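Student: Handing you this structure, nothing more for now.
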Amino acid sequence: MLYSDVRGLFFILYNVAIVASQGYPVLDADCDKLYPKLWIQYAPRGNASAGLYVKYPNINSVNLCLESCCSSHKCNVMFMHGKDCFHIKCFSNEECIPMYRTDLRNISMMLVAPLPPQTNWAEVLPDEMIISDFSPREEDDMIMSAEPNYYLSRDKECELGIELNCGKYEECVPQSTAGNRRRSGVCECLEGYVRNEVGYCERRDISSKYDATPSSPSQPIRPVNADSDATSNKSLKPLLVSVVSKTVQLPEDEVTLSAYVVPPGGENYVFNWILISQPKGGNSGTMTDKNGDSLKLSHLVEGVYQFNVTVSAPGAYGETNATVTVLPPRRINKLPVAIITPKYQTVKLPKNVTVLDGSTSYDDDGIISWHWDLEKGPLGYQPILDDSSTLQLKDLKIPGNYTFKLTVEDTDHKTNFTTANITVVKVMDYPPEAYAGQDVIVFLPVNNVTLNGNMSTDDKGIVSWEWTKSPSNQDKAVDMQKTRTPYLELSNLEEGMYTFVLKVTDSSGQFSTSDVRVFVKPPTNKPPIANAGEDVVVSLPRTWVTLDASRSSDDIKIASYHWKQISGPSKVVFTPSNASKTNASELTRGVYELQVTVVDSDGNATSDSVLVTVNQNENAPPKANAGGDQTIVLPVSVVVLNGSGSSDDLAIKKWEWIRDGSSLTLGRVISDSDKTPILMLTDLIPGRYVFRLKVTDGQGLSDEDTVSIIVKPDPYLLHLVELTLNIEGSSLTVAQEQSLEANLALLLRDATIHVRELRREQNTGRAVLVFYVGQHDDKTILSGPQVVKILKEKLKRDSGLLEVSVANIQTAVCQNNCSGHGSCDQSTRLCLCEAFWMQNLIRKHFGDGDSNCDWSILYVIIVLFVGILVVAGCSWGVTCLIQRACRRPRKRQRFYAYSQRGRLGC
């Protein structure tokens, strides 16, 4: 693998050296796709059909030919035939791949730029052509010598006696300089051989017969001359060749191309037709008379064929290109079909809008336009019709017959049409029929009645109603209300007959009338006589009285009684209020007027009043009633104490709730409710609250009653969790809260989230959600620390699980037992350790981070003291060892050294 890589590198360097040694231009941006190899004795694989050959007669060296090809965007391959320069514009990359020609000499080529999509020739060339054609030893020799192999040196040095130094048909000849004693010489051709322009030695007869025009027996190369039509160094007479390109349309698949030559030469001209390109799938075509002046083509397929014809004669040459375009079969056009839906329709006024749909029209190739015309219509109707597939008509206001014509045009501009008929009719509008109702009879004292005209009808609908008195009743008094509605209300009728007229009008202005009579008859019996009883006087503390209206009478029968209060210092309660006898209660000092109304079976009614006077002979103190004792379980937002059950013989003037000295002081009274009959408390804490209710009447007498409230702690307090969000409490929406609860339930494995409170944090204003978690239909309640641990672990892995940013998660109350040696501060969540106890710093900073009271101060002092002693002892021992190791024993001072060590205590 390494050898092949180095070998390829040498191959590239060698060919670059060839280009540089011949004076070729250095590869720049214009030749960035150049394949760095000079292909000697190679020609394009496609020969003349490989591409378009353009000759440049003013260029006769590889250097200039390559430079001009690099600067032209139409040049893909540089081709040299002797000293003639050709640029080849390839038809395809594969046709321009180099192919070794054994039958041609003095030719070479270089690959400059491939056709897209390939970006370099290495993508086009076969692998066997990319690998170097030289042996490793030959590559090494060529790299070391950097000697090109295109134009071999005519004075190549050699060593006498070594035949390998010279090429084929060469020998080493000693130099003829005087005094030359060395064995060196130069390579020269053998006898009978001469060196050609390329540098090879060949036989004299072959060299003299050599034709400079590149050709092969099977497929000759015929380049196109840019300035002249000569294909060799010989001066050829140009021929003007003309071929008319043809176009045929299937199913015709045969055509003949004829070549015309100027000047005409009769049978002396040699014609050769070559297919340059053909459409995909065109291999089925056949060519006849390829060497005649007329080429017959058959079995052609759809597409474009390109042909090249060359005409040659002794001393003359010419060529040209022609194309054959084969069109697809002509489509047999069918007329479009125009369709209008619906074809017949009837429009009934006042409706004047309809739609004609022509979108269902069709054609075999497609419809390009729709055009509407009015063929027939009522006089004066001039519509504006849009040329679209659907026609909407909005002004069919004139009755009559309309005929609309739709013309459709297809892609071949063929048209067809159809018509649709619309009949606009004016529907008969019948007048309304008024019906004022049946005649009515009323008996005084009933003097009001309601007339009903809603049975009136019209086919289009009634738009107005009007009630009037008949002209014959203009002198009779009556009050009329709602005269513009179907229902006429009459009141204050007098004895006699009334006639009322109902007029109804429809949308067309047509109207109808109807009469109804009202007979007002005198009463058939006398009205009842009401008797509320004698006036009553009572004294406090009595606050009730019995009223009796049973002495009321009627000539036939009293049907009903009704008691009501006319006046009085307080509201009276009647029990019952619809009987002849009633109990009037909740009286206070003052005078009351109470009224009874009696009604007979004919509806006649009369009333009577009774006065009830309530005196106060002696003031009695009020009676306080604070309600019963209460026991509540937190959380409760408001606690209500009801003292409205307190009473007084006259009235209570003052209410006062007093907190007892034995009561808890925390808890807030809402809106001065301690001065009203009902006390409202909030912000209570577990414990006992005691309140005294003091009531005072108008004379200053008072009474007190005591009530207690037992507040029990929240049973779920240790299960509550506070979730602080990084969201302002004022901006949190209901949708966000519901989404948060759903996400919490998912994180806790389909648990039930019970929200206790949603509040704003006092200092920051952030939203705080207080909740507890139940599982298995709330049969199991998760503890607060357990919920906090689960949520912290899951949010640590992915903080976006709740879809909102979380600032803190903690239990509602601090549940840290502080290792049993302290108490937890609720606000800071830090342990306040007892005396002689302190926090475990290792656990705090390197463990779970919880505040604790693990360490005894006494033990810490002992451990520190022992540690100091150990460190001091180790330091002293290390010092002694170092001093002993550094001191060298001296024989003369042995005693002195020993004394010194004794002093040091070693």
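Any Cβ shown, glycine's included, is placed from N, Cα and C.
Those TrEMBL annotations? Automatic predictions, nothing curated.
Look at TrEMBL and you will find 26-112 tagged as domain 'Seven cysteines N-terminal'. Taken from TrEMBL, the feature domain 'PKD/Chitinase' covers 241-329, 337-427, 433-523, 529-617, 627-714. What TrEMBL records for 209-230 is region 'Disordered'. Look at TrEMBL and you will find 1-21 tagged as signal peptide. Among the features that TrEMBL reports, transmembrane segment is placed at 857-882.
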Student: For the domain 'PKD/Chitinase' (627-714), what does DSSP give as the number of helix, strand and coil residues?
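Tutor: Summed by class, the stretch gives 3 helix, 46 strand, 39 coil.
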Student: Kindly report the helix/strand/coil residue split of the domain 'Seven cysteines N-terminal' (26-112) according to DSSP, in that order.
Tutor: 19 helix, 31 strand, 37 coil
Student: Can you count helix, strand and coil residues in the domain 'PKD/Chitinase' (433-523) using DSSP?
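Tutor: Final tally across the stretch: 3 helix, 48 strand, 40 coil.
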Student: Calculate the per-residue pLDDT averaged over the domain 'Seven cysteines N-terminal' (26-112) and state the result as an integer.
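Tutor: Taking every residue in the domain 'Seven cysteines N-terminal' (26-112) and averaging pLDDT yields 86.
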Student: DSSP says what for the domain 'PKD/Chitinase' (241-329): how many helix, strand, coil residues?
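Tutor: Grouping H, G, I as helix and E, B as strand yields 6 helix, 54 strand, 29 coil.
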